[in-house]
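Reviewing the structure listed below.
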Amino acid sequence: MPKRTDLKSVLVIGSGPIVIGQAAEFDYSGTQALRVLKEEGLRVILVNSNPATIMTDPEFADATYVEPITPEVVEKIIAKERPDAILPTLGGQTALNTAIALDKNGVLEKYNVELIGANIAAIELGEDREKFKGVVERCGAESARSHIIHSMDEALKAAEDLGYPMVVRPSFTMGGLGSGLAYTEDDLRRIVGQGLQYSPTSEVLLEESILGWKEYELEMMRDKNDNVVVVCSIENFDPVGVHTGDSITVAPALTLTDREYQRLRDISIAVIREVGVDTGGCNIQFAVEPDTGRVVVIEMNPRVSRSSALASKATGFAIAKIATKLSLGYTLDEIPNDITQKTPASFEPTLDYVVVKVPRFAFEKFPAADPTLTTTMKSVGEAMAMGRNFTEALQKALRSLEQKGSQLDFSHVPEWEVPELIEKAKRPTTERLHQVQRALLGGATVEQLFEATKIDPWYLDQLQLLNEISHEIRKSTALTPEMLQRAKRHGFSDEQIGALTNNQEAVVRGVRQALGIRPVYKTVDTCAAEFAAYTPYHYSSYDEEDEVALHSKPSIIILGSGPNRIGQGIEFDYSCVHASMALRKAGYETVMVNCNPETVSTDYDVSTRLYFEPLTLEDVLEVIAAEERTGGVMGVFVQLGGQTPLKLAQQLADAGVPILGTSPEAIDLAEHRGAFSRVLDEAGLISPKNGTAVSFEDAKKIADEIGYPVLVRPSYVLGGRGMEIVYDEPNLSRYIANATEITTEHPVLIDRFLEDAVEIDVDALYDGTEMYLGGIMEHIEEAGIHSGDSACVLPPITLGNNVIERVRTATLAIAEGVGVRGLINIQFALASDVLYVLEANPRASRTVPFVSKATGVQMAKAAALIGTGVTINQLRSAYKMLPETGDGSTLPFDAPVSVKEAVLPFSRFRTPEGKVVDSLLGPEMRSTGEVMGIDKHFDTAFAKSQAAANNALPTEGKIFVSVANRDKRSVIMGVKRLSDLGFEIVSTGGTADVLRRNGIQATPVRKVAEGSSAEGEGTIADLIVAGEIDMVFNTPSGGEARIDGYELRAAATSIGIPCITTVAEFNAAVQAIEAQRTYEWSVTSLQEHAENLKALQNG
């Protein structure tokens, strides 16, 4: 059946900001979908609030709306654009929930818009826990015994029937948000309380505990002719009880018998038919009781999901692309497989390799959080690896994480430690895999560990096998070919072999290469080599036959950014993808090396060739060698993927690899305190007084000289890792004592902390003679809050022309002095009209996508071409990639205003007592993603950014105000304005007195520390939890007030109301609230903004 001809325009709803549980995989899916829709000749409209996505690049849609994804805003877009259909299955839970709300509000009917890809009935059946239970029963399958509840009383009644422990799962949430395991009534009250609040329908499922069962997923697709394919089976290494996003997962499933697999397949096909998913994909999760084989259906997602991205990358089967074609009316047998070009999509993929995904966590950013893994997802990223066997894929995946201690440790385990390791392994944490492997190494049996962890004995055997090989390596008297070949086939790195044989990594590599033991590169072809593959998508293995084809011209290799983490996220992938696009258009062959299954960069058609490999020196050198053998390498880009490839720059150069763009020497100069200070001195620029310390005595001396407060941090970090503002000597002593590594090579950097300064961020391009300044961003929060967590605005709204000119001159002097070729990011602080240079990063920064979207200039593409020798002058005239005159510092006065806001994951992380971790911002970055608000004026743009970040500002109600003494004078005008607008102001003690003295009516409330009164009057935290407060404004102070502040910020975070912790953000919020009350929001596409900006610049 050919595609439908009645559809002329389609609105795609994106997933918004990167949050835990809903990350870059939806940009990958969405980008594929937009390409398909455009190829099919449809007018494409997109709404997505995340500027760091490839899908929001203006060329991917006809009208791109970077607006909040709320039913109200999407209705405005529908009213303006009048699409024929909405595709809601590629934007995660956000898009599905928005589509359901638009249907319930009557908007779809009002504008005669239909949903494609999934109908409302199918979404409801798949997502509504009670209805889905009925579906499973009608299919003759089994669900866990359960009760649906809508109140706490119902939950307590259900507990009498189900008994403890039990699983709590809210409806219509993603990433297991609000779910958990209740072992006691206290647990039940706490988790159900959260669940009722997080579920948009206030519906929660309580089910019998199936802890310790094996967990599987099947990724399915179905078309309107009832053709069904199973794309991939996925198995969780961890048993039920750990969210699948936090578990190590393996594809294909390795421990199912043929009969068991057939049973899961039959149930899945029956369920997908009964639910009615007939134009797209879904995934279905199962639990299997290891002793009896009893199968229970856990849940389904009637949409493209995190698992779909993993299954796509694992098999080469483009799920999102094919799902989009199905939604337009095609059938599976009409859609060709891109990779083989001979088989249709109705052929199920076959794998002749093993894929392992491992999650990456960020507990170091939230020291107070409980690291136990539960049904609520907590990982911030993931790495994937492929191998010819499980052990090879596992070891490659672990080293892809790039975390200290992520590789397996084969050093001696004393006997006394084994019982302790077995005991620790009973509780699922990020360390469990290592505890299990070490316990086995120390002599524990597979039976003991199966009893403790319920991890399948087959996997425990595989860990035992790795331990045995490590013994063989240790016993080996020399680096023999037999030993090296066996070790390599099971994924041991040169570094691990070196540690076991007391050799340097470089020595092992030298011997291995001299013996001719090199990896070959296999191809992901969807069909186990039954048909030829036309897309070069490779993974390494120590096998026989190399499958890298000869290429006619030297390649340019782009090193990606590895797994997402806090501080290095999708923004860096954006720059890598843009570089590949620009270089391919300019006629180069590009090679992408990356190991992140969520991203656009690891899509098989973004580059000429893709290598799915860890970003370690060993793995990257082998990819370069493979490219050299088959046609040569022009050079490697390390400046686009963040700190991961940057760390390899010098070692690659030492190995004779040509580095494109900024040289390793220039990269080092910018990171090196002394050398960089000389660049500033020559340019007549100043930085805050600073010093480097290798001991506490050093640190104390420097801090005394420059005066407290000081900012202390380790050298060579991204995302403010380990950074802290220290106000006195005792705290400095504590920081130095806790610094993991402080040596001459890794000193601690100490800077004077500039209080009350305005922070400024600049992204610029430099080609050796000319600079193009991309954009000047003014931070809304004061200095001291990490730039990645601070809201910022472009163009700047309070900086005069004189300051902008000084920033421009300083940027040029630094770019020249460092010797940049391509992108540079510089952070300044303006304090008492003195401009200080805080730091310079000669690489793509996390603000590049935001600046590109705000100004309509794609900077990463320009940087890539500069790296190949193109000048800024040529980029202006011949390539038309930069404006003919002027740059981002000369934006017209009435240019649109863009606000970038950070999205923070505090609601995911709880202390062992079940409280949310503190939401206070500081110099260490904690945000997982970002959104953008764009409008004619700052106040509305800021309001949009808050709504997009799920932090919508109230337009009426009660506002709680409690600020530190130093801030009381600064907040009076803002609070008075809110009071005049009709808000009720609620305040504690001292703040209430100050407000009343200034003529502001403030209702006093009890502090947390005071507790409830004898008459039963609750504290401010009680009022927040009861939903009586609409916004919290609290700046931190010391002593008892600090504890008070934490309690009320935690209460605000847990019920999801705005919680503002800085004066600057409060003042911006007051402006935004007033704007929301005064003006009707309008929606404008990026394409319209670009046209308007061009007209202003030319006019």
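Glycine is treated like the rest: Cβ placed from N, Cα and C.
For R129, R169, G175, G176, E208, I210, E215, G241, V242, H243, Q285, E299, the entry in Swiss-Prot reads ATP 1 binding site, with the evidence type sequence analysis. The Cβ of E208 (ATP 1 binding site) has 17 neighbouring Cβ atoms from other residues within 10 Å, across all protein chains displayed. Reduced to three states, the DSSP call for E208 (ATP 1 binding site) is strand.
Per Swiss-Prot, the feature Mn(2+) 1 binding site maps to Q285, E299. A C-beta separation below 8 Å, combined with a sequence spacing of at least six in one chain, links E299 (Mn(2+) 1 binding site) to R129, F132, R169, I284, Q285.
Feature annotation from Swiss-Prot assigns Mg(2+) 1 binding site to Q285, E299. Other Cβ atoms within 10 Å of the Cβ of Q285 (ATP 1 binding site) number 19 in total over all chains.
Counting only residues at least six positions away in the same chain, the Cβ atoms of G126, E127, C282, N283, S307 sit under 8 Å from the Cβ of N301 (Mg(2+) 2 binding site). Following the DSSP three-state reduction, the secondary structure of N301 (Mg(2+) 2 binding site) is strand. The Mg(2+) 2 binding site annotation in Swiss-Prot covers E299, N301 and rests on sequence analysis.
The feature Mn(2+) 2 binding site is assigned by Swiss-Prot to E299, N301.
For the recorded site, G784 (ATP 2 binding site), the DSSP three-state label reads coil. Summarising the annotation, Swiss-Prot assigns ATP 2 binding site to R713, R752, L754, E759, G784, I785, H786, S787, Q827, E839 and lists sequence analysis as the type of evidence.
A C-beta separation below 8 Å, combined with a sequence spacing of at least six in one chain, links E839 (Mg(2+) 3 binding site) to I826, Q827. Here Swiss-Prot flags Q827, E839 as Mg(2+) 3 binding site.
Under the three-state DSSP scheme, E839 (Mg(2+) 3 binding site) falls in the strand class. Summarising the annotation, Swiss-Prot assigns Mn(2+) 3 binding site to Q827, E839 and lists sequence analysis as the type of evidence.
Of all the Cβ atoms in the protein chains shown, 23 others lie within 10 Å of the Cβ of N841 (Mn(2+) 4 binding site). The Mn(2+) 4 binding site annotation in Swiss-Prot covers E839, N841.
According to Swiss-Prot, the Mg(2+) 4 binding site annotation covers E839, N841.
As annotated by Swiss-Prot, domain 'ATP-grasp 1' applies to 133-328.
Annotation comment: Swiss-Prot describes 677-868 as domain 'ATP-grasp 2'.
According to Swiss-Prot, the feature domain 'MGS-like' maps to 951-1099. If you average pLDDT over the domain 'MGS-like' (951-1099) in this model, you get 86.
What Swiss-Prot records for 1-402 is region 'Carboxyphosphate synthetic domain', and it gives sequence analysis as the kind of evidence.
The feature region 'Oligomerization domain' is assigned by Swiss-Prot to 403-546, with sequence analysis given as support.
As annotated by Swiss-Prot, region 'Carbamoyl phosphate synthetic domain' applies to 547-950, with the evidence given as sequence analysis.
Separation of the C-alpha atoms of V242 (ATP 1 binding site) and L754 (ATP 2 binding site): 44 Å, rounded to the nearest whole number.
When the C-alpha distances from L754 (ATP 2 binding site) to the binding-site residues E208, E215, N841 are tabulated, the minimum falls on N841. Taking Cβ-Cβ distances under 8 Å and a sequence gap of 6 or more within the same chain, the neighbours of E215 (ATP 1 binding site) are E235, N236, D238, P239, V240, T244, S247, Q285, F286, A287, V288, I298. In the three-state DSSP scheme, R129 (ATP 1 binding site) falls into the helix class. In the structure shown, across all protein chains, V242 is the one of the binding-site residues V242, L754 with the greatest number of other Cβ atoms within 10 Å. Counted over all residue pairs in R713, R752, L754, E759, G784, I785, H786, S787, Q827, E839, the record's binders of ATP 2, the longest Cα to Cα distance measures 18 angstrom. Between the CA atoms of E208 (ATP 1 binding site) and N841 (Mn(2+) 4 binding site) there is a gap of 53 Å, rounded to the nearest whole number. When secondary structure is read from DSSP and collapsed to three states, V242 (ATP 1 binding site) falls in the coil class. N841 (Mn(2+) 4 binding site) and H786 (ATP 2 binding site) are 15 Å apart (CA-CA, integer value). The separation of N841 (Mn(2+) 4 binding site) from R713 (ATP 2 binding site), Cα to Cα, is 16 Å.
The binding-site residues under consideration are R129, R713, H786. Their Cβ neighbour counts within 10 Å are lowest for R713.
DSSP assigns L754 (ATP 2 binding site) to coil in the three-state reduction, placing it in neither a helix nor a strand.
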